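Quick look at what TrEMBL lists:
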type     : residues                                             : note
DOMAIN   : 4-224                                                : domain 'Orotidine 5'-phosphate decarboxylase'
BINDING  : ASP10, LYS32, 59-68, THR118, ARG179, GLN188, 208-209 : substrate binding site
ACT_SITE : ASP59                                                : active site, for OMPdecase activity
ACT_SITE : LYS61                                                : active site, proton donor
ACT_SITE : LYS61                                                : active site, for OMPdecase activity
ACT_SITE : ASP64                                                : active site, for OMPdecase activity
Amino acid sequence: MQSPVLVALDYAEEAAALALAEKLSPDLCRLKVGKELFTRCGPGLVQRLQAMGFEIFLDLKFHDIPTTVAGAVRAAADLGVWMVNVHASGGRRMMEAAVAALEGYPAPPLLIAVTVLTSMSDEDLAELGYQESALQRVQRLAALAANSGVAGVVCSAMEAPALRRERGEDFVLVTPGIRLAGDAAGDQRRVVTPAAARELGADYLVIGRSITASSDPLAALERVHEEWAKGRP
Ligand SMILES: O=C(O)c1cc(=O)[nH]c(=O)n1[C@@H]1O[C@H](COP(=O)(O)O)[C@@H](O)[C@H]1O
């Protein structure tokens with residue numbers, strides 16, 4: 001496996017995203033381009049980051065009718081991204097359409113389904129009318145994703161042990177809500193350190209502000225790697 005660290009480029013301007021990328025290295029991380037940056041800068045920025053040697057996680061969390069999501073996933077594959085995601089709550093037919101859309105690509109992106117956002121707590125879910133805890137809902141959505149042919153899920157590392165047990169070693173677990181010790185959680189609710197995430201069974205860490213808000217992003221990235229190494233089971 002190449003670097004397990006996926007750095008979230010949550011910026012409003014291309015220049016800021018490129019400046020951060022210049023400070024990092026494709027040997028140490030992959031880059032995540034999400035809704036804000038992609039809406040502002042589009043595929044051109046993804047291509048510029050790829051030209052710098054970075055593999056890209058296109059985090060647009062597609063959630064729509066099956067035909068629309070299939071087309072969006074194909075567009076991501078045509079852009080040559082390494083990972084793309086959809087919302088598991090779009091349901092089985094939507095996820096199956098996304099899987100089918102990638103058939104025939106020689107090197108398709110890893111297709112991942114978002115379960116319960118790491119910014120959500122059990123109380124937030126109750127307010128939406130769900131009777132389940134975050135863990136139970138993640139387990140339900142991960143099972144549906146796996147049965148729909150999706151390679152893995154986005155979840156909090158808190159749910160990783162249960163998913164590893166239930167879904168096996170090959171099911172990919174991508175875990176945001178990661179903070180270096182001492183950093184503010186901000187809007188995140190289910191938060192874990194890099195070492196704990198690895199111990200709990202994560203395959204990939206998504207980490208934004210602990211690196212991007214640091215005065216020395218490369219040093220912060222190196223600290224994430226040191227912590228990840230400590231968490232080796
Ligand atoms: O799909 C994601 O990447 C994602 C899913 C999720 O449940 N929670 C979550 O925080 N993310 C993303 O992960 C990143 C976390 O950023 P920080 O909270 O700054 O580390 C953001 O870019 C989010 O969009």
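Cβ coordinates are placed from backbone N, Cα and C, and glycine is handled just like the others.
Among the recorded positions ASP10, ASP59, LEU60, HIS63, THR118, GLY208, the residues whose Cβ sits under 6 Å from any atom of ligand 1 are ASP10, ASP59, THR118, GLY208.
If you take the Cα of THR118 (substrate binding site) and the Cα of LYS61 (active site, proton donor), they are about 14 angstrom apart, rounded to a whole number. Long-range Cβ neighbours of ASP10 (substrate binding site) (same chain, at least 6 residues apart, Cβ-Cβ under 8 Å): GLY34, GLU36, LEU37, GLY208, ARG209, THR212. Note: ASP64 (active site, for OMPdecase activity) has non-local neighbours ALA72, GLY90, MET94, i.e. same-chain residues 6+ apart with C-beta under 8 A of its own C-beta. Around the Cβ of THR118 (substrate binding site), 26 further Cβ atoms fall within 10 Å across all displayed protein chains. Confidence annotation: the domain 'Orotidine 5'-phosphate decarboxylase' (4-224) carries a mean pLDDT of 97 in the model.
Its Cβ taken as reference, ASP59 (active site, for OMPdecase activity) is surrounded by 25 other Cβ atoms within 10 Å in the chains shown. In three-state terms derived from DSSP, GLY208 (substrate binding site) belongs to neither a helical nor a strand segment and is classed as coil. Of all Cβ atoms in the protein chains displayed, 18 besides its own lie within 10 Å of the Cβ of LEU60 (substrate binding site).
For PRO66 (substrate binding site), the same-chain residues lying six or more positions away in sequence with a CB closer than 8 A to its CB are ARG93, MET94, GLU96, ALA97, ALA98.
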